[in-house]
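Structure, as structure tokens:
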Amino acid sequence: MASERYNAREAEARWQEIWEDKGVFVTHNEDPRPKYYVLEMFPYPSGRIHMGHVRNYAMGDVVARYKRAQGFNVLHPMGWDAFGMPAENAAMQNKVHPKDWTYQNIATMRGQLKIMGLSLDWSREFATCDVDYYAQQQRLFLDFLAAGLAYRKKSKVNWDPVDMTVLANEQVIDGRGWRSGALVEQRDLTQWFFRISDFSEDLLEAIDTLDRWPDKVRLMQRNWIGRSEGLKVSFEFIAPPPSGEAALEIFTTRPDTLFGASFMGLSPDHPISRALGEKDPKLAAFIEECQKIGTSAEAIETAEKKGYDTGLRVRHPLDPSIELPVYVANFILMGYGTGAIFACPAHDQRDLDFARKYGLKVTPVVLPQGEDPATFNVGDEAYTGDGTIFNSAFMDGMSVAEAKDAVASRLEAQSLGGKPQAERQVNYRLRDWGISRQRYWGCPIPVIHCPTCDVVPVPAEDLPVRLPDDIDFDKPGNPLDRHATWKHVACPKCGGKAERETDTMDTFVDSSWYFARFTDPKNANPTDREAADAWLPVDQYIGGIEHAILHLLYSRFFARAMKKTGHLGVIEPFQGLFTQGMVTHETYRADGGWVSPADVRIEERDGVRHAVLVADGSPVTIGSIEKMSKSKKNTVDPTDIIETYGADTARWFMLSDSPPERDVEWTEDGVQGAWRFMQRVWRLVGEIAERVSRDAARPNDLGEAAVELRRATHKTLHALSNDIEQLAFNRAVARLYELVNTLSKALAAGDRAAGMDFAIREAAEYLVRMMAPMTPHLAESCWSVLGHEDLLATAAWPALEQDLLVEDTITLPVQVNGKKRADLTVPREASKEDIEAATLALDAVSRALDGKPPRKIIVVPSRIVNVVV
RNA sequence: GCGGACGUGGUGGAACUGGUAUACACAGCAGACUUAAAAUCUGCCGCCGCAAGGCAUACGGGUUCAAGUCCCGUCGUCCGCACCA
């Protein structure tokens, strides 16, 4: 038995069948044990799983199996984020129905996931395109609508001309659609929105409670919500513009610098700019030019600041004798604040660049500490720091904070056109979430448009609004919009002729509550409150950093909205979040373009790696290491790897070496190393099983060597448990390698004492149990070789003997002047005086002292000794 | 431009709250076993040096008995971004 190679293919299939037959991973809501909900971001059924999935799900499975062994009732479900455009693209390109395409992909990918041996509760599986799921989503929509959380408004939208759909602001990247890459156009459409901005403050504040989220993601969410406190101020026009406004409203976060104002800036999209542009062709041309600049921060930062003097003038609110010119400027956004600013060049870099270009006044009003007010000047760099206000009449001598408050108070009391001239305001960058998509393969928005009754929600008894199957993709645009019978219905209110809403929901809606549905996936309501509240929040959520903002923020919104509509009791869906790194691979190029690793053979000549084509031996250029992608052909198919080496090898390799939050490079050497280790463990356990019978008794006196081995075993258990808790899988892997090294040596030493037998047996059993979360099939096989008849998948985590973590003697490094010179072994309870004496007796120390007394001896208990000479 | 993270052998990386730098793995080298290869096993593997020893955690300073870890500056890499007034 022991000499046989471990046959992963045979063993993995066998254990998977046994686990499934016995239903060991099916979770019951009524199980009284403490709950643990671990969830990996569910996949889009694109066709085949990729290595990124393997890494993601291997991590989640380690946590699930570890927590299960610790006695938790673990929920570890899987489903499919199944609506979305690729299905429609496939329909257009290959004449496949999106539904067939999607469900076929799901079947393939489910099979691929199953051979990974993940401890998933497949009985809870669903796809977001299942009628059962989106029917509940429609009910949520109607509840949100009734609660005022969903509404319609006409708005300028980002129109993707390739996908023929609307994109959220967040989905437009550098002026292009995030999926299609097409240049986005502006269009006016009536759209459905979710009122996420109602929760701006709460979503922001609650970030503080998410202490098991990466700081990076929390920061990104804070910045996305973008809270800023400031003042809305009205500036009176000297002569009103043709559009008739009496005053210009601006928003500022620096009212303290108001006396440094030298001009006003309008966004090119500001209504006043527009109105003026209609009469001024030169301004119209300028506005058009501004709209052509890219929307990316980098493009605009490097773009030259430009403006156009409108000829309008406004009066300074604190000194009526000052008149300020009004420019249309290319660096002011309509979407933030009021789309207009007052500019203080001395204390804002953009304003300064602009003022220098157009020869406008630069008056410093904040004096940095240590500067002389008579000589302080601003060169090419604006001063944005703190200081004392000067050149500012009644504010002179105040701090920045005091001045902000003073200006606000004064202008609030002052009135212009019968209203206070200023108003304190909190602004958020976060805007409402537009969810309408002009697309077939999504969840239908359950409303009916009636010419007499306007928008009528589909009555509950008529739900769900099913997607019709008989559709065609011969023309671009939404097939629902031209569906003959589906679209035309009677109005539920008046019975007259009416039309269905033909827009479907953004697929981010689907993924915003699936974690809640998993808690009771077959319920006739969206959630079962008891089940949802018992399971949520998700204890550990694992997925890619690319979802750091949108998906996570929308899910947080949904939890709040579902609470408001009575579907949930919690507001934060994910207690712990972990964002894993990507899987990368070397790239290869031949003259024909990118070459797949499967077609390349690596040879080493004179210590230099060369790549050649397997087919004909022709040379291939080795390129940079990149994220695995179809476009660069540097992918490795998980199924191929699993067929060759087994799922455990693939899982082990994905968990070893690289810290999980960082990228990991897939290499053939690495996989083989992992595979060799699987074989090594198998041989080692086999040998031990032969040598030490299962009922090896524990003798009263174990002997020193056996105690040492036991220490190593239990120390490994202690450290590895901590590593898994922290998701430091690479460290956990290293500890198991160490234990195997130690155990191999102990076995090779040939000590046949009864104590050693006991210690070796224990080490082997612990090793196998510790490996189980990562390499579950191999562990089951080893467990059975060791004579166990129960399943390791349902066994408890091994018990830790705390006593073994503490040594009787400790070895202290001894430093002389901070450099290590010797080791000192002393009893654990040795006193400081004993240690000092023993230190001075060391050869290395006395040599360094050369007869002189030491200046100082520092003893850090159980850490180190440092002798200062 | 702004914000953030990071920089350790040939490579991926360890090093808990300042306390033995380089654990573990990959690659490489030498040897054992073998007719041979594969597999396996053993040993070596930061740099200089015969050695004693010295030098090394991007670079330059600083704090400390002690710095990969803390502080200041420089260089470099990566990530995020919204000209946010």
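Keep in mind that glycine also has a Cβ here, set from the backbone N, Cα and C atoms.
Applying DSSP to the domain 'Methionyl/Leucyl tRNA synthetase' (A:38-172) sorts its residues as follows: 68 helix, 23 strand, 44 coil. Summarising the annotation, TrEMBL assigns domain 'Methionyl/Leucyl tRNA synthetase' to A:38-172.
Packing against the motif ''HIGH' region' (A:43-53) from elsewhere in the chain are residues 80-82, 84, 86, 102, 105-106, 108-109, 112-113, 127, 544, 582-583, 628, 635-639, 654, 666: each is 6 or more residues past its ends and has a CB under 8 Å from a CB in it. Taken from TrEMBL, the feature motif ''HIGH' region' applies to A:43-53.
Here TrEMBL flags A:222-411 as domain 'Leucyl-tRNA synthetase editing'.
TrEMBL lists A:430-586 (among others) with the feature domain 'Aminoacyl-tRNA synthetase class Ia'. Over the domain 'Aminoacyl-tRNA synthetase class Ia' (A:430-586), the average per-residue pLDDT in this prediction is 92.
Tertiary proximity for the domain 'Aminoacyl-tRNA synthetase class Ia' (A:626-666) is limited to same-chain residues at least six positions away from its ends with a CB under 8 Å from its CB atoms, namely 8-9, 11-12, 48-55, 58-59, 61-62, 112, 115-117, 214, 578-588, 594-598, 673-675, 677-678, 727-730, 732-734, 774-778. Residues or ranges marked as domain 'Aminoacyl-tRNA synthetase class Ia' by TrEMBL: A:626-666 (among others).
If you look up TrEMBL, you'll see A:627-631 marked as motif ''KMSKS' region'.
According to TrEMBL, the feature ATP binding site maps to A:Lys630. Residues near A:Lys630 (ATP binding site) in space but far in sequence (CB under 8 A, at least 6 apart, same chain): none are found.
Feature annotation from TrEMBL assigns domain 'Methionyl/Valyl/Leucyl/Isoleucyl-tRNA synthetase anticodon-binding' to A:710-832.
DSSP places the residues of the motif ''KMSKS' region' (A:627-631) in helix, strand and coil in these numbers: 0 helix, 1 strand, 4 coil.
Residue counts for the domain 'Aminoacyl-tRNA synthetase class Ia' (A:626-666) under DSSP, split into helix (H, G, I), strand (E, B) and coil, are 17 helix, 4 strand, 20 coil.
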